[in-house]
Amino acid sequence: MITKEQVLQALSNVEEPDLGKDLVTLNMVKDIEIDGNKVTFTVVLTTPACPLKDMIRNACVNAIQLMVSKDAAVQVNMTANVNSNRKDGKSTLPKVKNIIVVASGKGGVGKSTVAANLALALSEGGASVGLMDADIYGPSVPIMFGVRGERPMMVNVEGKGMIVPLEKYGIKLMSIGLLVDEKQAVVWRGPMASSALRQFITDVYWDELDYLVIDMPPGTGDIHLTLVQTVPVTGAVIVTTPQDVALADAKKGIMMFSGPQVNVPIIGLVENMSYFTPAELPDNKYYIFGKEGGKRLAEDMEIPFLGQVPLVQGIREGGDEGVPVMVSNDEITKKAFIDFAGNAARSIAMRNANMAPTKIVEVAV
Ligand SMILES: Nc1ncnc2c1ncn2[C@@H]1O[C@H](COP(=O)(O)OP(=O)(O)OP(=O)(O)O)[C@@H](O)[C@H]1O
Ligand SMILES: [Mg+2]
């Protein structure tokens, strides 16, 4: 007779590698059922995009067959409850578990493309996801998602009129480009742009989300400071191309977020436009902007390297046509984004387990 105690005892030897503790201590094992030699239970991961899923499943099966019964037929169900480390239930966007900014330093390196496909990849993994376009001067979300000209609805939340995000491809979307005339925003100057952004953030009704991905404008300016002072940012994903000029600006971005003034954790760095592979020569990689510059920068700055995204015509076309590559059938390119999103989700989960609660930044400017 196999007992639940034996199963738990065996699983207390299985470590969640990122969190450095065993599954039982972390309270990740649920719903154990035993029927003869059939053992079924659920492991609740900290993110549905967890790249270690298969490894953890195999470790569970091995532990039970080794320590309980070699004839046990083990079925491990995997679910996820995305972790969060917000302790500020009353502050801005209280029901959003993780607020992730996508930033670079240099313009045009692919922040908006990466932010959109990151949001879609996290959602494909089973998480509830929103994408906010914080680029006041050059919003991209309306075009990338083919929702230009659509106007969001309003809803009354506890006596306050709030903006309801649009929904497309399974994620919630909002861009200042959907609220104001496209020509109007470009004439805003510093303080006006900052107050527009602040109002925009607090007036959108995101409701419950596992991840809110924020697409930032280029640079390291006022808008960035306004954002970190308005919402408690969980962490920043930095985008760069392998080129020296982009790397120098990415470094500035990393220093701004991780510096003592702002102190937002860096989730990691993703290298975009890493190489080009022609369709007729699928084994060739051409390093047009230099090789692995992003990877080296991540090593130098001691931040996680989250992956490489190739230069692909379909990424550009998809962006222009309102069909991001994550909803296309280009499986090779999708895999690059899924791997990147998995690494990002993993880094976020570790950040939540190991670091101080997220809070709004108070900066003296
Ligand atoms: N990996 C890629 N392969 C091909 N084209 C890409 C790739 N990444 C981005 N692009 C294209 O490059 C252009 C710039 O990308 P994107 O708008 O995402 O950059 P950005 O960093 O958000 O720019 P900005 O600083 O203006 O906000 C877009 O036309 C986009 O479709
Ligand atoms: Mg952009």
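Glycine too: its Cβ is placed from the backbone N, Cα and C atoms.
Copied over from TrEMBL, here are the features:
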DOMAIN    4-76  domain 'MIP18 family-like'
BINDING   G105, K106, G107, G108, V109, G110, K111, S112  ATP binding site
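Broken down by DSSP into helix, strand and coil, the domain 'MIP18 family-like' (4-76) contains 23 helix, 23 strand, 27 coil. The most densely surrounded of the binding-site residues K106, K111 is K111 (count of other Cβ atoms within 10 A of its Cβ). For the domain 'MIP18 family-like' (4-76), the model gives a mean pLDDT of 94. Neighbour counts were taken as the number of other C-beta atoms within 10 angstroms of each residue's C-beta; across the binding-site residues G105, G107, G108, G110, the minimum falls on G108.
Neighbouring residues of the recorded ATP site, listed in sequence order and excluding G105, K106, G107, G108, V109, G110, K111, S112, comprise S104, P218, V239, A246 (Cβ within 8 Å of the Cβ centroid).
Only K111, S112, in sequence order, out of the binding-site residues G105, K111, S112 have a CB under 6 Å from ligand 2. The 10 Å shell around the Cβ of V109 (ATP binding site) contains 27 further Cβ atoms across the protein chains shown.
Note on S112 (ATP binding site): other Cβ atoms within 10 Å of its Cβ, all shown chains, come to 25. With a cut-off of 6 Å between Cβ and the nearest atom of ligand 1, the binding-site residues K106, G107, G108, G110, K111 reduce to G107, G108, G110, K111. In the three-state DSSP classification, G108 (ATP binding site) falls within coil.
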